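Reproduced below are the annotations present in Swiss-Prot:
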- Cys34-Cys63: disulfide bond (DISULFID)
- Cys46-Cys64: disulfide bond (DISULFID)
- 1-23: signal peptide (SIGNAL)
Amino acid sequence: MKTLCFLLLTSGLLYLMVKGVGSHPGTFHVRIKCMPKMTAVFGDNCSFYSSMGDLCNNTKSVCCMVPVRMDNI
């Protein structure tokens, strides 16, 4: 029984490595970009702003999280 579980686990992991996690059409991924605060305030299209810890550690920039459909990549 342990051998069967081990084989199922390894085959599942191999499938994910070959296929890719979240690479199915219709799924959403989040792309994060840093932009100057003035650009963010004055019209750059961003659906969600956040402070992402050390990612945008400059006080003059903000993080923009943009949902991207896998069909568009």
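The backbone N, Cα and C atoms fix where each Cβ goes, and this holds for glycine too.
A quick note: this is a predicted structure, and the numbers were derived from the prediction, not measured.
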Determine the Cβ neighbour count for Cys34 (disulfide bond): the number of other Cβ atoms within 10 Å of its Cβ.
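Other Cβ atoms within 10 Å of Cys34 (disulfide bond): 14.
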Under DSSP, is Cys34 (disulfide bond) part of a helix or a strand, or is it coil?
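Reduced to three states, the DSSP call for Cys34 (disulfide bond) is strand.
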